[in-house]
Amino acid sequence: MGKPEARSGWRNAAAAAWVLVAVACAAYMHWHLRRETMDRAEERLVSMCEERARMLQEQFGVTVNHVHALAILISTFHFEKFPSAIDQDTFAKYTARTSFERPLLNGVAYAQRIFHHEREMFENQQGWIMKTMKRQAAPPQDEYAPVIFSQDTVSYLARIDMMSGEEDRENILRARATGKAVLTNPFRLLGSNHLGVVLTFAVYRPGLAADASVEERVEATAGYLGGAFDVESLVENLLSKLAGNQDIVVNVYDVTNASEPMAMYGPQSPDGKVSLFHVSTLDFGDPFRAHEMRCRYRQKPPLPWSAITNPLGTFVIWMLVGYIICAAWSRYDKVSEDCRKMEELKTQAEAADVAKSQFLATVSHEIRTPMNGVLGMLDMLLGTDLSMTQKDYAQTAQMCGRALITLINDVLDRAKIEAGKLELEAVPFDLRSLMDDVISLFSSKSREKCIELAVFVCDDVPKVVIGDPWRYRQILTNLVGNAVKFTERGHVFVRVCLAENSKVEANQVLNGTMNGKDGKVETTANGAFNTLSGFQAADERNNWDYFKLLLSDKEPHMDELECDRSYQNDCDCVTLMISIEDTGVGIPLHAQDRVFTPFMQADSSTSRNYGGTGIGLSISKCLAELMGGQISFTSRPFVGSTFTFSAVLKRSCKDTSSDSKRSLSEALPTAFKGMKAILVDGRPVRGAVTRYHLNRLGIVVKVVNNLSMGLQTLAGQNGVKESREKLSMLFIESDIWRPETDILLLNRLHELKNNGQVHELPKLVLLVTSEADKDRYGSAFDIVMYKPIRASTIASCLQQLLKVVMPERKDNQNRPSFLRSLLIGKNILIVDDNKVNLRVAAAALKKYGAKVHCVESGKDAVSLLQQPHCFDACFMDVQMPEMDGFEATRQIRQMEVKANEERKALDLMEGSTFVESHLPVLAMTADVIQATYEECIKSGMDGYVSKPFDEEQLYQAVSRLVVGTKESAV
């Protein structure tokens, strides 16, 4: 009992001591901060007072210097010139015009030194008599100082003897004895009623030495220059230019008589003691007078809040420290409780993630299932006998449905990316064929807009690479689609090269190291830019000089065209740099920071004018990062945009299956190998792109700027002579063709043939961007080729033009007939709870001769597939009532295992060959997330077909399964 009491008493004593220490610390801090504040205030007062005193002296000195200069002027032009070059009018005009140099002087006047014996002659010469300050005749005295020249502002001083006044006489005597400016006592100036002083300066005759004695100065004195100095105006002007005037009070005193200082400026000092006060000495150059400036604060410096808040805060902190120590264990208990709650939240978050996946699966299935029915029925409708109007309506509805499916897929892709469940494939694919396929998607749109659309792949890029072609295509489709959408004139140019080459060449262009140029954008003679279309591009590095570095230094050899350069290297990674350049509207500067934000567009008008949801770029950025690259852009409003992304892929190894490559690309024909052609194109970038596609077919191309040069090349002029018997084609760009003049050049072709210079006329091919160009110029040519050009489309046109017979490839057989031979008579079971989907799938398979049986539940499917059965394949919906597709497939596999075991035992007893029974089961669902695919494989399904599917997807899947079943049976 005693110990707790003692402990309590000790705690009370410690608490009291703690409070006393806290109070002492706070009190000391208050005193210290208050002392520091007063010291800083005093330092500031001293600084401001000294600064004002220094500037006052400087301004006073400047005015004195101007008066001194005026004295020298009088000495020079009044005494050295005979007759004098200065009279009253001259003096008045000069002083009036130069008064801006003496703003603090009310006026200046010059008084000449006259001895008594010269007075009569002087007065006769001037025509007036000297007067005193009281306007009376000057009494006789040893010498006089009558004012002979005066500024108009002090014209009342004319004829007055300045020696008649006692104080003025003393100033004159001191001024000529010292050679310096001397001042009077302060007095009220006439006119302004301001306090001021009279400044007097002696004027000496020329030739006075600088170290002259007093007697020599007095002897050489010729007159006196004086002016009224407005001290109040001087100080007011000074203080108006300085900061802090509202804080301090300035007084200027004449302290020649220290016991009775005379105020020259400022209010009267308050009665009582002033806490902060500073005196600065003023030196106005008069050795006989003393002046000083006295400064004080207008109000007592306030006590800073820190002197109150800091001590109070310190006291509070001391109190809080004690409280914190006491509350430490309580805090520990609270942290333990928070940890427990966090564990619960973690469990809830994991459950939410599972729920999110289930929600995505459900939403995907519920949306895509009816869309599958809509699109399937539209496909079936288009296969019937429709009028043109009905067919147009159905095709429009089909296009809208596919656009909706694309949007759904984009949203689901974004969700899969955020959930970290998007995986990339690694399969070999032909990069150049894929690029051509992407460009072909937008060919009709580019022709409608009359814009150039082209693709170029550098020679050092491998032909076959390993990666995910579908995701690679998705990025390209998004970027090229945006470029075409936002471009109304000019071009869209897709370029693929190796990243390491792209960086080096771009730096060379940026630093201006190529061909001795300064790195500026090169233009043609007519002012157009050296780009694909002649319009300016956003990225100024992408000019012709940069593009030349991407081209091979020599024409590709025919042998090189046949072999795949990717097989010359071992399997390794390659980083591709793909840029999509357009000359569209560009991206506004304020919107460039949110370009890759999902569902965000530049502004509200973007969606109205161009459509779209703003999710494509976000997905493209995520996919590029998943491929080990990144995406960036350069955009200039009303000029265009250039999007660049990189992707890390693998080179295809030597042992890569040729069948895999054939399935991913269409082999180009070799019938055109060795042919020669001339391309007439005035734009070097576009000409290089066209030559690239022709070179892929084995055609050797020479590019010229105009048709005249082409004919000269054809005729063997300018030192160039092509092999005439092999020159098969003459390609001409539509914007180069000038019918009124170039038709004469074509007539020249016939003359060359008639003269024997050309054995056979080449075929004329016109390259056009739109239907209008074909209608305008096409009649003069053998064939018109629409852009964007691809190697396959060129081959098709040239086959028609040159009547070239190409061997039919095995894989170019009639696909429907081939599939009919595979599927005819096959028994296929379709399981789906949606009757519309059943009709769509059944119609697609029946079209190729398959025998289709449909059921609407998993239980019915299990009953029909009891061993033995007659079905060759089964399409199984995943989400169905009562029994879903997963459970139905598991039961089917269990029945197969049991039946195979029984059959195997029976075959062993009979000595016959055992053939395992396996029914191909393909998942058929609208759920496209990775978790569903994994569940399909886990349950025993053989494949996966997502809804909405088309006929192509159906027959490819079935043919693969049927062929696989045949091979396993053999």
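Here the Cβ of each residue, glycine as well, is placed from N, Cα and C on the backbone.
Residues belonging to the domain 'CHASE' (82-294) score a mean pLDDT of 83 in the model. The domain 'CHASE' annotation in Swiss-Prot covers 82-294, and the record cites sequence analysis as its basis.
The domain 'Histidine kinase' annotation in Swiss-Prot covers 362-651 and is backed by sequence analysis.
Swiss-Prot lists 676-802 with the feature domain 'Response regulatory 1', giving sequence analysis as the kind of evidence.
The domain 'Response regulatory 2' annotation in Swiss-Prot covers 827-962 and is backed by sequence analysis.
Residues or ranges marked as phosphohistidine by Swiss-Prot: His365.
Look at Swiss-Prot and you will find Asp877 tagged as 4-aspartylphosphate, backed by sequence analysis. Neighbour density for Asp877 (4-aspartylphosphate): within 10 A of its CB lie 27 other CB atoms from the protein chains shown.
As annotated by Swiss-Prot, topological domain 'Cytoplasmic' applies to 1-12 (among others), with the evidence given as a curator's inference.
If you look up Swiss-Prot, you'll see 34-306 marked as topological domain 'Extracellular', on the strength of a curator's inference.
Annotation source Swiss-Prot lists topological domain 'Cytoplasmic' at 328-970 (among others), citing a curator's inference.
Nonlocal intrachain contacts for the transmembrane segment (13-33), taken as residues 6+ away from its ends with a CB within less than 8 angstroms of a stretch CB, comprise 304, 306-308, 310-312, 314-315, 318-319, 322. The annotation transmembrane segment is assigned in Swiss-Prot to 13-33 (among others) on the grounds of sequence analysis.
What Swiss-Prot lists as transmembrane segment is 307-327 (among others).
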Helix, strand or coil at Asp877 (4-aspartylphosphate) [DSSP, three-state]: strand
